[in-house]
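A short write-up of the structure that comes next.
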Amino acid sequence: MHKFNSKVLASSHIRCHPFKLKPFIHCIHISVAGSYESTYHSNQLLNQLSKSGRIDDARKLFDKMPQRDEYSWNTIISGYVSLGRLVEAKELFDGFSSRSSITWSSLISGYCRHGCESEAFGLFRSMRLEGHTPSQYTLGSILRMCSARGLIQNAELIHGYVVKNGFEYNVYVVTGLVDTYAKCKHISEAEILFKRLEYDKENHVLWTAMVTGYSQNGDGHKAIEFFRYMHAEGVESNQFTFPSILTACSSISAHCFGEQVHGCIVLSGFGGNVYVQSALVDMYAKCGDFSSAKQVLETMEDDDVVSWNSLIVGCVRHKFEEEALLLFKKMHARNMKIDDYTFPSVLNSCIVGSTDAKSVHCLIIKTGFENYKLVSNALVDMYAKTGDLNCAYAVFEKMLEKDVISWTSLVTGYAQNGSHEDSVKIFCNMRIAGVRPDQVVVASILSACAELTLLEFGKQVHSDFIKSGLRSSLSVENSLVAMYAKCGCLDDADSIFVSMHVRDVITWTSLIVGYAQNGKGKESLRFYDAMVSSGTKPDFITFIGLLFACSHAGLVDDGRVYFQQMSKVYGIEPGAEHYACMIDLFGRSGKLDEAKELLNQMNVKPDATVWKALLAACRVHGNLELGERAATNLFVLEPMNAMPYVMLSNIYSAAGKWDGAAKIRKLMKSKGITKEPGCSWIEINSRVHTFISEDRGHPRAADIYSKIDEIIIRIKEAGYVPDMNFSLHDMDREGKEVGLAYHSEKLAVAFGLLASPKSAPIRIFKNLRVCGDCHSAMKYISTAFNRRIILRDSNCFHHFKEGECSCGDYW
């Protein structure tokens, strides 16, 4: 109310009689009362306009008001805040000189609701500097923002202010702190705060915050335990508590307890709440109880897209892809509003039954969802996993916004489909685009490096991952073990293995296979024993690695034992790969009769891998008759593969049957089959140098051939004798010897001796198996030049040192 100015009357020259003054004073009172009444009514109208969203009309009224009080200013500022028009709200705020705590809180809460953390905290500091005390509602708004955005450090600062200013027993504020700590994965701090207020049985928000916190922190068991405690204390659950505890049940597949919660929901009268019903559908679907999930879905008054999505996701997770697609078709038939969460789940079901993939893609385009990042990522992932890399790349290229998931789907897709080089190129483009890799893409690219034996690039990826500060994962560590092992760096693979806190069957298998490929079969068996002792059960792949180790180390008796253990101890039926390893084991050790007997006893139809193993054994031991049988089967199974033709031709040549060899080569030519040329490569100073037999295209060819001459002289002095059995051309001895001297792996090692530091190992890679003569020569070179040579061929690693090879000449 306006104050009456008595000084004006005192200064008047009019001398009035007291009775004559009364009417004048009465008029003034009427004027003041009218002004107050006018402001009151204007404020009421201002409030109605603001709350109804007519903020522009409210502003016009506000600007025309002759008198504005604190309520007027707070109402108009609050109106702008509620509509998210924070710039205009701040302008009014700055123009109001008599700001109260309510004014400050109104603007702060607006910034908090819209996630403007820097502005909200800036105002909070200014509010205190100007001497205003934040209310419980101000603190509550800030804590809700911290909870939603995971601002744990800011929440801890607010917690400090709460303690210093006597709010630590304020139920409203402490509930906000509990909720924030729980959602920011600091559940222990939430527990401490909760214990101070645990006897407040009416505070459903506080109890629900704890249940939700345990659930969101992945501790479903603790959430269930706390829910039981909550009911024992007589605290009633509500429409927010039930979805949280049902989510906890879903996370640990606690189907029985979920059913009990369902009973509580019915008794509590929340059975018709759409959020509770949706959580029930999700829980039953994730637990694999699709009958109950459908029953809940059918009782819902309206079709809820979230509930349908949950059921589709559950079907996909439990491998009921056809059922998921059927549900999606029903959704479409019922004209439900399909959203951007529906399509990714449906596309996951198309990965197995890919016939519907293109149809779903067409619907995505028709409904305008193709530009939704979540949907586009799912499309890229679906096409990549079904092997349609062209479509995957086309969708990826059209994406307006690409995130790490988009890139990861593409990189992983190419790697899993064997296009490892393209996978590496895409990963490099991802880094150029400034996208930081996550654990998933790092694991994929390390696997690609392992397959391509890109040791230096793999080391760079490993180094960048450490520098990124990302927490390591089991998949990354497994990929590192496999990458270092497959690149011949067993010491590095061991270091990663030892540092791992958690190991699974993939970890152990990677090491078993890695040691086997590096010619250390006996060490592979020791790792297998350690794996079994640790309680880890071997799987299908483990036994492939184990039998591979036995075949490459000549451990025939051990191989027989492990082959029998597969089915008798672990219930794993041998596949074609296991039979191939056993035939290879018998073949390498010269037991071709046993190999033939096992071939005839196979429970599965022999595939190309089995016949290749047998053919290779026949090549080593010169068994022409059995070799012809193996090659004939391969001609049918893989008619355009040059390997059986070349191998059979070599068997003929080694037996001196040059006509037979010529006949096979003529057959190859008539069918248009070409042999993959043997090549070797070596990496020096981040540059790859490639060689083929008798190659003179290298810039340092003259130096290389000069070094070859030196090598041959020195190793002959040490006792090397060229093995003419591996010169498969019909020519004189001198010509054969020259041909052997210029094999690609010998050219590569000559360049390695010229270009690499004397203390560094020489690492050579070959696309085919190393020939017997080159294998023998490498042993002599390692002694004559005192160098460690690591040669990886198409089958395994050979570590040459001081005249010996890690394979023990059993390759």
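Backbone N, Cα and C atoms are what each Cβ position is placed from, and that goes for glycine too.
For the repeat 'PPR' (38-68), the residues of the chain that approach it from at least six positions outside its boundaries are 2, 75-76, 78-80, 82-83, 85, judged by C-beta separation under 8 angstroms. Annotation source TrEMBL lists repeat 'PPR' at 38-68 (among others).
Long-range neighbours of the repeat 'PPR' (69-99) within the same chain, counting only residues 6 or more positions beyond its ends whose Cβ lies under 8 Å from a Cβ of the stretch, are 39, 42-43, 46-47, 49-51, 53, 55, 58-59, 62, 106-107, 109-111, 114, 116, 119, 130, 132. Summarising the annotation, TrEMBL assigns repeat 'PPR' to 69-99 (among others).
The DSSP breakdown of the repeat 'PPR' (100-134) into helical (H, G, I), extended (E, B) and coil residues amounts to 26 helix, 0 strand, 9 coil. The repeat 'PPR' annotation in TrEMBL covers 100-134 (among others).
Over the repeat 'PPR' (203-237) the predicted model carries a mean pLDDT of 87. Per TrEMBL, the feature repeat 'PPR' maps to 203-237 (among others).
TrEMBL lists 304-338 (among others) with the feature repeat 'PPR'. Secondary structure of the repeat 'PPR' (304-338) per DSSP, as helix, strand and coil residue counts: 26 helix, 0 strand, 9 coil.
Feature annotation from TrEMBL assigns repeat 'PPR' to 403-437 (among others). Sequence-distant contacts of the repeat 'PPR' (403-437), counting only residues of its own chain at least 6 positions beyond either end whose CB sits under 8 Å from a CB of the stretch, comprise 373, 376-377, 380-381, 383-385, 387, 389, 392-393, 396, 444-445, 447-449, 451-452, 454, 457, 464-465, 468.
Residues or ranges marked as repeat 'PPR' by TrEMBL: 504-538 (among others). Beyond the repeat 'PPR' (504-538), the same-chain residues lying 6 or more positions past its ends with a Cβ under 8 Å from any Cβ of the stretch are 474, 477-478, 481-482, 484-486, 488, 490, 493-494, 497, 544-546, 548-550, 552-555, 558, 570, 572, 796-799, 805-808, 811.
According to TrEMBL, the feature repeat 'PPR' maps to 575-605 (among others).
For 719-811, the entry in TrEMBL reads domain 'DYW'.
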Counting only residues 6+ away from its ends, which parts of the chain sit with a Cβ under 8 Å from the repeat 'PPR' (304-338)?
274, 277-278, 281-282, 284-286, 288, 290, 293-294, 296-297, 345-346, 348-353, 356, 360, 363, 367
Contact set, same chain, for the repeat 'PPR' (100-134): CB under 8 Å, 6 or more residues outside the stretch:
70, 73-74, 77-78, 80-82, 84, 86, 89-90, 93, 141-142, 144-145, 148-149, 151, 154, 161, 165
Should anything in the same chain at least six residues away from the repeat 'PPR' (203-237) have a Cβ under 8 Å from its Cβ atoms, list it; otherwise answer none.
171, 174-175, 178-179, 181-183, 185, 187, 190-191, 194, 197, 244-245, 247-252, 254, 257, 261, 264, 268, 270
Per DSSP, how many helix, strand and coil residues does the repeat 'PPR' (69-99) have?
23 helix, 0 strand, 8 coil
